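Listed features, source Swiss-Prot:
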BINDING   530, 531, 532, 537, 703, 747  glycine binding site
COMPBIAS  987-997  compositional bias 'Polar residues'
CARBOHYD  258  N-linked glycosylation site
CARBOHYD  314  N-linked glycosylation site
CARBOHYD  345  N-linked glycosylation site
CARBOHYD  397  N-linked glycosylation site
CARBOHYD  454  N-linked glycosylation site
CARBOHYD  481  N-linked glycosylation site
CARBOHYD  501  N-linked glycosylation site
CARBOHYD  693  N-linked glycosylation site
REGION    970-997  region 'Disordered'
SIGNAL    1-26  signal peptide
TOPO_DOM  27-573  topological domain 'Extracellular'
TOPO_DOM  595-651  topological domain 'Cytoplasmic'
TOPO_DOM  673-831  topological domain 'Extracellular'
TOPO_DOM  853-997  topological domain 'Cytoplasmic'
TRANSMEM  574-594  transmembrane segment
TRANSMEM  652-672  transmembrane segment
TRANSMEM  832-852  transmembrane segment
């Protein structure tokens with residue numbers, strides 16, 4: 001009796017206590033050849049038919065060589081499921097474990113509760129004996145901490161969330177309300193829906209979001225208070241998990257609030273589908289083969305046989321435990337067998353049989369049921385395994401569905417509001433914002449009131465908006481019939497995301513600011529602004545089709561020409577100008593050298609005319625070289641030698657080419673249009689090179705900023721420009737005009753507009769990062785399709801083109817920049833001022849030089865006068881000295897002559913007359929100023945012996961024969977007359993003492 005009590009108590013304690021299990025003894029192991037040849041399979045079944053079918057299936061299995069190896073036999077050991085879980089535990093120990101069962105198949109009546117299958121799972125799991133359930137669908141059995149060896153051929157209830165997602169994707173519903181009970185299964189289905197949707201919507205275009213979660217206590221009596229919240233929500237699609245009893249209460253109260261009629265969509269689980277007051281049009285799910293115990297029994301047996309066969313071929317299987325009273329039993333083979341069972345994937349009577357890590361059935365098929373009149377259930381679709389794609393597939397025949405209110409057309413699934421909260425932002429030319437004056441009470445006809453969003457200051461809310469987007473909004477509201485309240489962005493930003501971690505989770509959450517943040521947080525219904533469509537924004541909001549296609553471009557100020565004072569120097573580079581200047585003087589020097597060293601250049605010929613041109617000197621050579629280059633007439637100073645003249649011709653050809661090239665390039669620089677841009681586009685090396693002194697920027701947190709973040713090849717450029725980014729586009733454009741910013745990168749539409757109204761601005765390069773402007777809406781907004789269709793119609797009708805001409809190209813104030821650019825520029829004083837300044841410099845230089853020359857000449861004249869005075873004094877002194885010498889010589893000769901006459905009067909002698917006019921001194925001019933004093937006839941007569949004695953003797957011989965006698969000056973003088981004045985006749989003597997000075 002004591003032993004029986006111990007056996008009875010052991011399994012009961014095993015339900016709550018986990019014992020430490022000692023390692024299995026090595027002696028209990030078997031080699032592959034020592035594997036058991038017989039395997040007992042236990043069955044805890046709900047009725048006799050199931051027991052009989054279980055036995056029959058085991059017998060048939062033994063003849064199936066595909067699943068049963070040779071020398072292996074299976075036997076069945078069955079017991080009846082008892083509603084009392086304690087009795088069930090005793091029966092499992094006494095009738096199954098005592099017979100060494102390797103696994104247990106368990107089923108129960110659906111109306112009897114799940115406590116008995118749980119008792120079987122606890123008891124078998126304590127000894128690591130695998131349990132295969134064929135009817136238990138509660139979420140609790142998925143917990144492997146409790147049901148360590150339990151797996152099932154039916155899916156749990158919460159797996160219906162997977163089917164919900166497929167149905168929502170099929171019907172394109174994007175916003176739902178989930179209603180669930182607060183028990184384990186209700187919370188499990190909510191968690192499954194939220195978890196699976198995270199990965200499910202990566203593969204589909206339409207993403208469903210949960211707008212409202214309604215949780216209720218089981219066995220409720222009224223659902224009215226929850227319906228009030230549901231009625232104010234926007235979604236009209238209800239996903240409900242509830243028991244049959246709770247579903248009756250919910251459907252009853254929902255009908256009273258008219259929430260089961262037209263426009264509403266109910267998708268429920270299996271239990272709620274069987275409520276006796278399920279409204280017409282409700283869609284529900286029903287598991288295929290849910291009540292086919294025979295099919296599940298067969299599938300479970302064959303899954304078990306398949307696992308044992310593979311295990312036999314791979315490892316040793318120890319015998320199953322036999323004694324429930326042995327607390328030291330730890331059947332490792334049972335644990336390994338459980339792993340083999342979870343890896344099975346076979347095609348059975350109930351479909352494709354496979355399990356997840358929790359041992360729950362996957363690939364289970366469902367029928368989509370549509371409730372019609374008188375609670376008739378009509379199958380309108382199937383969720384089944386597609387063997388070709390190896391995954392589940394949803395097939396629904398929409399034409400067979402009758403929706404609530406007996407409608408054949410699919411409801412929108414959302415309450416469509418007709419009065420919308422709209423936001424916009426100031427961005428020329430799409431939205432112009434004007435503050436109303438103090439005496440104004442309303443906006444102009446083409447304007448709309450646009451106060452600041454959520455701003456309580458009444459004076460700050462008086463704004464009027466007009467522009468491209470406002471005209472589009474006016475036409476759009478007329479086309480799809482809605483009213484609106486328009487407001488301005490409170491912070492003036494389109495919005496960007498900030499990564500935050502408020503919950504301590506591993507992943508960071510994006511929080512949006514600006515217009516996008518208002519839309520994401522559902523404080524606004526629509527954004528009508530030049531909102532660029534990009535992946536980051538599209539993840540959180542909806543976009544209509546683009547109302548304007550555009551891209552990103554670069555705005556810069558048109559490059560100005562070089563300094564106007566030296567415009568005429570632009571045709572040649574500085575290097576070329578220097579080379580020309582050097583060439584002029586080098587050629588001049590070579591010309592001079594050639595002409596100087598040429599035998600026909602420097603020296604005149606003996607027979608040449610006295611008027612022959614002078615030889616070329618260095619200054620004349622420089623003058624010649626400059627004259628040829630500047631095409632001026634050369635009247636003198638040309639080369640004389642042939643070699644120099646050849647060089648002169650070559651230099652003339654060089655000058656012709658240089659002058660012609662200069663003239664052509666001067667026309668190109670001064671007359672033709674100036675260059676359009678400095679940059680070639682986004683691929684310009686000056687933008688990509690971070691070391692280049694070039695400032696570029698965009699707007700912080702804008703779509704352009706996000707584009708640069710995404711592009712890896714632009715990362716270096718983005719890091720450079722990030723510090724220069726502006727808060728608004730208006731500030732950046734003003735800095736471009738002022739020259740503070742060299743390149744502003746922004747949306748092409750805005751920059752083309754700015755360039756069209758200011759001829760000093762220009763867009764550089766081709767568009768990149770092409771996208772479009774769209775109207776932003778909340779995720780799942782019912783207005784998305786209507787807005788998109790209206791915009792497409794606007795494109796087809798030409799309305800959008802009309803807006804482009806009116807606002808983008810700025811027709812009413814646009815300057816004709818294109819005509820201005822194509823008209824040839826005429827040269828004026830501004831362009832040629834440098835040439836006139838050069839002439840002025842030349843004139844000033846000439847005047848300066850002449851002043852210097854005059855001053856220098858005056859200095860030279862003074863110096864020359866001093867030299868002339870000194871020379872005259874010297875000449876006078878020299879003349880006086882020579883006169884004295886002459887007189888003395890004459891006196892000496894006179895004395896000698898007189899002595900000779902007195903002593904011996906030699907015949908034939910003649911007195912020599914010294915006539916100053918006839919015989920002047922060497923270098924002395926003839927004239928009365930040179931007459932001797934006291935000589936009235938200005939002639940001194942002396943006797944000339946050569947005339948009297950020796951007529952053939954020359955004066956030089958006479959001077960040599962008579963020392964001391966001065967030699968008369970011979971040269972270009974008149975011939976001596978033979979007749980002398982009487983005073984100086986031969987033999988005439990006179991006193992010459994008066995001649996002594």
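Each residue, glycine too, has its Cβ placed from N, Cα and C.
Taken over all pairs of the listed glycine-binding residues (530, 531, 532, 537, 703, 747), the Cα spread reaches a maximum of 16 Å, rounded to the nearest whole number.
Sequence-distant neighbours of residue 454 (N-linked glycosylation site) (same chain, 6+ residues apart, CB-CB distance under 8 A): 487, 490, 523.
Put simply, 481 is the one of the glycosylation sites 258, 314, 345, 397, 481 whose Cα lies nearest to the Cα of residue 703 (glycine binding site). When pLDDT is averaged over the topological domain 'Cytoplasmic' (853-997), the result is 58. Listed in chain order, the residues near the glycine site other than 530, 531, 532, 537, 703, 747 are 494, 533, 534, 702, 771, 773, 774, each with its Cβ within 8 Å of the site Cβ centroid. Looking only at the glycosylation sites 258, 314, 345, 397, 481, the one with its C-alpha closest to residue 531 (glycine binding site) is 481. Sequence-distant contacts (6 or more apart, same chain, Cβ under 8 Å) of residue 530 (glycine binding site) comprise 427, 430, 431, 468, 469, 548, 747, 749, 750, 773. With a 10 A radius on its CB, residue 314 (N-linked glycosylation site) counts 11 other CB atoms from all the protein chains. Neighbour counts of Cβ atoms within 10 Å were compared for the recorded positions 345, 397, 703, and the top value is held by 703. DSSP classifies residue 397 (N-linked glycosylation site) as coil under the three-state reduction.
Cβ neighbour count within 10 Å across all protein chains ranks 532 highest among the recorded positions 481, 532.
Under the three-state DSSP scheme, residue 747 (glycine binding site) falls in the strand class.
Taking only the Cα positions, the spacing between residue 258 (N-linked glycosylation site) and residue 532 (glycine binding site) is 41 angstrom. The recorded positions under consideration are 258, 531, 537, 747. Their Cβ neighbour counts within 10 Å are lowest for 258. Secondary structure from DSSP puts residue 345 (N-linked glycosylation site) in a beta strand. In the three-state DSSP assignment, the secondary structure recorded for residue 532 (glycine binding site) is strand.
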